[in-house]
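**Student:** Would you mind keeping the following structure in view while I ask a few things?
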């Protein structure tokens, strides 16, 4: 198996683990405040990583000299903001809507920022795939009424999802520049711990307004899944995919999340797939396949 194939497998595995994140965001919207859900997720994920990553982080600490801003920026965008925005949006929109917009916006932002900031030149097939994904996104936001685009006003939920997508795009670009000499486990522990600390002021502010949430078997199990599967394992796999195949190509695999999330939402939450949603699925799926088809060799 080639390095690129391993990177693709890592991206697919991360997508599978992340698909449940949107279901939990919607399922717990009435029982767990959004910042609290994010805070306890990342705190538990940090604690889970400590036994296997604290030693490497201490031994490799010399690699962090002069990289404080990188650590803060990467933790802020990928840990503190991204999922918090998703959980806020989960109070406004269905899980299918949440997953489709969130996972389509991020790779589009990655592609644009890769070209504008990193001066990369993505292959034409990536642009073609991104265009199809964008078309699917517009169909979903307008619910098939594309003629209303000129007068379109985003809902609060849609705005939060797009902000989450932009935040994750910034994270995806930054994580590619992981400090040399710092292992994946050590890097992830540093990001999780930093992101959790950055969340603390917002969590305390929210706690004063809402008070504690009820810790039931459902909420405890959901937070445990988010911490272990959707945090520790998924982020390790995602970062490894970025290292092997690059941020733009890895990000496009994120469009596979809504397919899995939609099936889970129909099964677990009783949501329905409307005709515009089905069209959006088809466009996004085609865009993903097109962007990742093998390049022609001469």
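Positions of Cβ are set from backbone N, Cα and C atoms, glycine also.
Heads up, TrEMBL stuff is auto-annotated, nobody curated it.
Feature table excerpt (TrEMBL):
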type	residues	note
DOMAIN	6-141	domain 'EamA'
TRANSMEM	40-57	transmembrane segment
TRANSMEM	69-89	transmembrane segment
TRANSMEM	95-118	transmembrane segment
TRANSMEM	125-146	transmembrane segment
DOMAIN	156-291	domain 'EamA'
TRANSMEM	158-175	transmembrane segment
TRANSMEM	187-205	transmembrane segment
TRANSMEM	217-238	transmembrane segment
TRANSMEM	250-267	transmembrane segment
TRANSMEM	273-291	transmembrane segment
**Student:** Check for me, if you would, whether the transmembrane segment (158-175) reaches the transmembrane segment (40-57) - at least 3 Cβ pairs under 8 Å, residues 6 or more apart in sequence.
**Tutor:** no
**Student:** Could you tell me what the rest of the chain brings near the transmembrane segment (250-267), counting residues at least six beyond its ends with Cβ under 8 Å?
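**Tutor:** Beyond its ends, the transmembrane segment (250-267) has Cβ neighbours at 7-8, 11-12, 14-16, 18-20, 22-23, 26, 94-96, 98-100, 102-104, 106-107, 110-111, 126, 129-130, 133, 169, 172, 238, 241-242, 273, 277, 281, 284-285, 287-288, 291-292.
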